[in-house]
Amino acid sequence: MKNAYYIGLMSGTSMDGVDAVLVDFSGPQPQLICSHTEAIPSHLLKGLQRLCLPGADEINRLGRLDRNVGQLFALAVNNLLAKCNIAKEDIIAIGSHGQTVRHMPNLEVGFTLQIGDPNTIATETGIDVIADFRRKDIALGGQGAPLVPAFHQQTFAEIDKKRIILNIGGIANVTYLPGTSEHVLGFDTGPGNTLIDAWIQHVKSEPFDKNGEWAASGKTNPDLLAQLLSHPYFSLAYPKSTGRELFNQAWLEQQLSPFNHLDEEDIQSTLLDMTCHSIARDVIKLSPEGELFVCGGGAFNTQLMQRLAALLPGYKLDTTSALGVDPKWAEGIAFAWLAMRNHLGLPANLPAVTGASREAVLGGRFSAK
């Protein structure tokens, strides 16, 4: 059978690099052929973090960063192809998520905005690009997120097996696969790594808390934890989605101001528990027991996985590796899958997940010609 090669490009709210994956969809399950992470240069990272919050001169900064991110994504593709020794002519299309700089679906006229000019990516790689996956769903009254549950359903669902797929990136999201004819459900639970990363970056200038070791050295403060979990987002009914607009450094500093007597490692432990408790609450609401498979950066945080397991005694906990998908690359593979769905003219959103009025083909095609 002829290969069906697509590339997926993903940079999430954690902004810890651009993941590029080459995936073959010619078989019944996606096959990861090659993967690469392109680091985000510090000057670009600072610009993106600034743009995620309201500020002056936004349109000029947006325009420049849109091109800069497009160039970085193109570099990620070219380095991936060099690493794999695959010719650009063998790739059907690139699926590019872009970099989210605003996600505000709940306004009177909701919107979401991802940058990383697909024209630039197409021009600099010589490969057609499919991008702008979220805004069609928003135009249909949906949240535009999460989009990965449709991929999770096709890849991980099994008859008579109740499964939850938990993706822990900057924001955490769950997909409930009931194993029956019931609707698949999915939504953002709240912060994943974004606040624990922000705190260790602020205090120690380290990019992330490896294995949760710093959090493990601290003691959770119950009063701070209760305050953090009182955020209105956690009591919203799904469909729901969130991002840095709600959970960011400025919000964190505001929450911490009455608790400046706490040790820094105790704050880190409490932030980790905020992530774990908010996830566990939503998982238990979906089903008190079942199988839980974790992907995303959080799957590699030993302390996070241990705390989550303790909060979910009714669940068998593992990573998506047990289902044949490397947890580090799962989201990149999902955006290659979204590109494939667009190329074949197939819908890729789940209205029961996003709240859209109907299924739709997502994304637009940007030709390299």
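Just so it is clear, glycine is given a Cβ too, placed from its N, Cα and C backbone atoms.
Copied over from Swiss-Prot, here are the features:
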BINDING   Gly12, Thr13, Ser14, Met15, Asp16, Gly17, Val18, Asp19  ATP binding site
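A C-beta separation below 8 Å, combined with a sequence spacing of at least six in one chain, links Asp16 (ATP binding site) to Ile40, Asp197, Pro207, Phe208, Gly297. Taking the Cβ of Val18 (ATP binding site) as centre and 10 Å as the limit, one finds 27 other Cβ atoms among all the protein chains shown.
Every protein chain shown contributes to the tally, and the Cβ of Gly17 (ATP binding site) ends up with 19 other Cβ atoms within 10 Å. The Cβ of Ser14 (ATP binding site) has 22 neighbouring Cβ atoms from other residues within 10 Å, across all protein chains displayed.
Counted within 10 Å of its Cβ, the other Cβ atoms near Met15 (ATP binding site) come to 20, all protein chains included. The Cβ neighbour count for Thr13 (ATP binding site), using a 10 Å radius and every protein chain shown, is 23. For Asp19 (ATP binding site), applying a Cβ distance below 8 Å and a minimum sequence separation of six or more within one chain yields Gly8, Leu9, Met10, Ser11, Ser35, His36, Thr37, Ala76, Lys328, Trp329, Glu331, Gly332. In sequence order, His97, Thr100, Gly169, Gly170, Ile171, Gly296, Glu331 are the residues of the chain that are 6 or more apart from Gly12 (ATP binding site) and have a CB within less than 8 Å of its CB.
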